[in-house]
Amino acid sequence: MEKGGNMRRVFERFCKGLQEVERLIQEKGWEFMWNERLGYILTCPSNLGTGLRAGVHVTLPRLSKDARFPKILDNLRLQKRGTGGVDTAAVGNTFDISNLDRLGQSEVQLVQTVIDGVNYLIECEKKLERGQDIKIPAPISQFK
């Protein structure tokens, strides 16, 4: 976790750390479980594929009260959680916004989905703050 908005730097640091973990387990003769069709096999079926959940903590006091918020998230292929993780409530209208998908896209595509989506959510929040209307974006494809 890192404060600020530089997801690229966080992602690059994550990739370096993951490469080091992979190198260390390979030294022991082990490897991550991989399937050509499903990607990485993890303990939770919802994480099949890349296994990557890229999350951003963002405060959305107006948008989170708007009835369109769930549909906007769905169309952007995003999900929300409380900042304490799965099954936690938001505190002070601050949410952990992350990619909904793990399967069908690369890690880079998933991180870009979060970056683009969170930028859209912030734009909506600012419009609502100014009293302007917002639009539900067209759905983006799960598979790119």
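Each Cβ is built from the backbone N, Cα and C atoms, and glycine gets one as well.
What TrEMBL records for this protein:
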type	residues	note
DOMAIN	1-128	domain 'Phosphagen kinase C-terminal'
BINDING	Arg53, Ala54, Gly55, Val56, His57, Arg81, Gly82, Thr83, Gly84, Gly85, Val86	ATP binding site
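What TrEMBL annotates, mapped onto the structure for a quick look.
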residue: Arg53; record: ATP binding site; Cβ neighbours (10 Å): 18
residue: Gly55; record: ATP binding site; Cβ neighbours (10 Å): 20
residue: His57; record: ATP binding site; Cβ neighbours (10 Å): 15
residue: Gly82; record: ATP binding site; Cβ neighbours (10 Å): 15
residue: Gly84; record: ATP binding site; Cβ neighbours (10 Å): 11
residue: Val86; record: ATP binding site; Cβ neighbours (10 Å): 9
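Comment: ATP site residues Arg53, Ala54, Gly55, Val56, His57, Arg81, Gly82, Thr83, Gly84, Gly85, Val86; largest CA to CA distance 15 Å, whole number. In the three-state DSSP scheme, Arg53 (ATP binding site) is classed as coil. In terms of DSSP helix, strand and coil, the domain 'Phosphagen kinase C-terminal' (1-128) has 56 helix, 23 strand, 49 coil. Mean per-residue pLDDT, taken over the domain 'Phosphagen kinase C-terminal' (1-128), amounts to 90.
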